[in-house]
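Visitor: This is the structure I want to talk about, given as structure tokens.
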Amino acid sequence: MVPSAGQLALFALGIVLAACQALENSTSPLSADPPVAAAVVSHFNDCPDSHTQFCFHGTCRFLVQEDKPACVCHSGYVGARCEHADLLAVVAASQKKQAITALVVVSIVALAVLIITCVLIHCCQVRKHCEWCRALICRHEKPSALLKGRTACCHSETVV
């Protein structure tokens, strides 16, 4: 059985279509560029020199898919070209600085009170011979200490 010209044409067309399908599904690159993973391809490029002053208070980035520049604004600025000051950000930053300052001041005062308290406790417990501590203790000393036959801390007298 000899194939007809129509059958040969269909066979050749099938081979060409199979080859085209194989090329479309191929993972090998058709160009000389190395393959790039999808996660590495960025949606942004650096702006061309013609757009270096596009953003007023920010960094210019070029959107690849939309083929137009966009801005990444510095802190405290908003807008398409970072042209507006963000007053809420300025107020929030100021309030944050005030809160930090207040926290530092309160911490320093609390630390000073703690140190003074520790010094007073040490002075009054260990060094009762200190005149200032003795005056402080004697002011708060109860007379019952004198009545029980103990030595008073303020006077070296013993009550019998």
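Cβ atoms here come from the backbone N, Cα and C positions, even for glycine.
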Visitor: Of the residues CYS47, CYS71, which one does Swiss-Prot pair with CYS55 through a disulfide?
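Guide: Partner cysteine, according to Swiss-Prot: CYS71.
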Visitor: Name the residue from CYS47, CYS82 that Swiss-Prot records as disulfide-bonded to CYS60.
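Guide: Partner cysteine, according to Swiss-Prot: CYS47.
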